[in-house]
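Report on the following structure.
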Amino acid sequence: MAADLIVGIQWGDEGKGKIVDLLAQEYNVVCRYQGGHNAGHTIVVDGKTIALHLIPSGILNPKAVNIIGNGVVVSPAALLKEMEQFDNLDGRLLISDKAHLIFKYHEEIDRAKERLRGKNAIGTTGRGIGPAYSDKVSRQGHRIGELKDIDTLHKKILDYFETNKIYFEALGISFPSENELRMELQRYQEVLMPYVVDTTNYLWDLLELGEAKILLEGAQGTMLDIDHGTYPYVTSSNTIAAGACTGLGLAPKDIGKVIGIAKAYCTRVGNGPFPTEDNGEDGERLRKQGHEFGTTTGRPRRCGWFDAVAAKYASRINGCDEMALMKLDVLDGFEKIKVASKYLYEGEEIDYMVSDLENVEPIYLEFEGWDRVEGIRSWKDLPLNAKRYIEAIEELIETKISLISTSPDRADTIKR
């Protein structure tokens, strides 16, 4: 039995957490395969809001095993804080021994480099994600499995400090004392090591037996992918569906159905091109009605209309079999609603993605709005204009929309 996959097809914050939480009731294994605690999922169940950054959204299913894969960069401090929200995680949380660690100095490097970039800042969350991935690629990172031998890991980190001493001093970053570092590592070892296993072999065994239903959960979104996003204004990992293979140790044939997640409009956090951004009254209204502030940083998100060109590109690169359209209710009350169906690029109309997205202008289709869809749970009860809007998006992105969210609550979801 293959593993199904959920992936964001915009700039992140699409509402993946709600869909994973909804579908996780049907799966007994949920896996996270990339990113770090820069990502944030907000889930509302029975009126209670839960924010997750590292632990997969399946944690709310008491029968599900949740896996943090090798492609994730893990801040032990952030993970420990997140774990405190739950009473008992024994047997419900597994962490890959190959996942790389984020330490405080990674966060300090991140923030220092952003300051140095000035007006050219990328707009990172300052959580140390990029520096941790940079250490991983340059073969000087530290993996969570190394916590089993504190003496060796302690020495390796001190050697790392010595090797990078000039760099750290140039950035104004101080080192922790040897004793502070050792105490920190001992705490992480004590709490986290009981959850650390070879998750790749664990998943292989499950797939071979064919009895488990496995769901793979991406973080951020396609347009933030390190290779296929709006570089350099991207995250430091492969956010697309293919990242699940390297981020969990799976083969392409192990991937089953791919479900893309998109908002009924677009948002972006941080800097970088955003063709459909609306800096006027409509954009501000989207932000207010959608409560568009980052789960991780609290920063106001940039808001704009649905970009069908970007969504079609993302659907194709991820191989989406179907799509979930989130936060349709945020568009309630708009007299007119826009969708970018094409771009104007170098004097020509195009319907495909380009690498220099900052040089395109959106060409819009305009739709009549509707009064209210909030809380609607069946297709037949949707206003006609809302149905027309959804069907137009389906046609433009060439992907079926099978799920429609009409409020943050898990139950307010239309299945087609």
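Keep in mind that glycine also has a Cβ here, set from the backbone N, Cα and C atoms.
Residues or ranges marked as active site, proton acceptor in Swiss-Prot (evidence: sequence analysis): D13. Under the heading active site, proton donor, Swiss-Prot lists H41, citing sequence analysis as support. The GTP binding site annotation in Swiss-Prot covers 12-18, 40-42, R301, 327-329, 405-407. The Mg(2+) binding site annotation in Swiss-Prot covers D13, G40. If you look up Swiss-Prot, you'll see D13, E14, G15, K16, N38, A39, G40, H41, T125, R139, Q220, T235, R299 marked as IMP binding site. Among the features that Swiss-Prot reports, substrate binding site is placed at T295, T296, T297, G298, R299, P300, R301.
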Completion exercise
Ranked by how many other Cβ atoms lie within 10 Å of their Cβ, the binding-site residues G15, G298 are led by G15
Exercise for the section: Based on Cβ atoms within 10 Å, give me the single least packed residue among the recorded positions K18, H41, R299, R301. Expected result: R299
Exercise for the section: Please tell me which one of the recorded positions listed here (N38, H41, T125, P300, R301) sits closest to K18 (GTP binding site), measuring Cα to Cα? Expected result: H41
Handout entry: Cβ neighbour count (within 10 Å, all chains shown) around D13 (active site, proton acceptor)
Key = 29
Practice task
In whole Å, note down how far the CA of N38 (IMP binding site) lies from the CA of L328 (GTP binding site).
Solution key: 25
Practice task
Measure from the Cα of Q220 (IMP binding site) to the Cα of every one of the binding-site residues G12, G40, G298, P300, T406, then give the nearest.
Solution key: G12
Handout entry: Listed binding-site residues (N38, T125, T406), ranked by Cβ neighbours within 10 Å, top entry
Key = N38
Fill in the blank from the handout: T125 (IMP binding site) sits from the residue listed as 'active site, proton donor' (Cα to Cα, rounded, in Å) at a distance of 15
Practice task
Would you mind reading off the Cα separation of G40 (Mg(2+) binding site) from D13 (active site, proton acceptor), to the nearest angstrom?
Solution key: 8
Practice task
Measure from the CA atom of G298 (substrate binding site) to the CA atom of D13 (active site, proton acceptor) and give the result in Å, rounded to a whole number.
Solution key: 12
Completion exercise
In the three-state DSSP scheme, the residue listed as 'active site, proton donor' belongs to strand
Exercise for the section: Name, in the order they occur in the sequence, the residues of the same chain whose CB lies under 8 A from the CB of G12 (GTP binding site) and which sit 6 or more residues away. Expected result: A39, A219, Q220, G221, L224, T239, R268, V269
Exercise for the section: Rounded to whole angstrom, what's the largest C-alpha distance between any two of D13, E14, G15, K16, N38, A39, G40, H41, T125, R139, Q220, T235, R299, listed as binding IMP? Expected result: 34
Exercise for the section: Indicate whether L328 (GTP binding site) is helix, strand or coil by DSSP. Expected result: helix
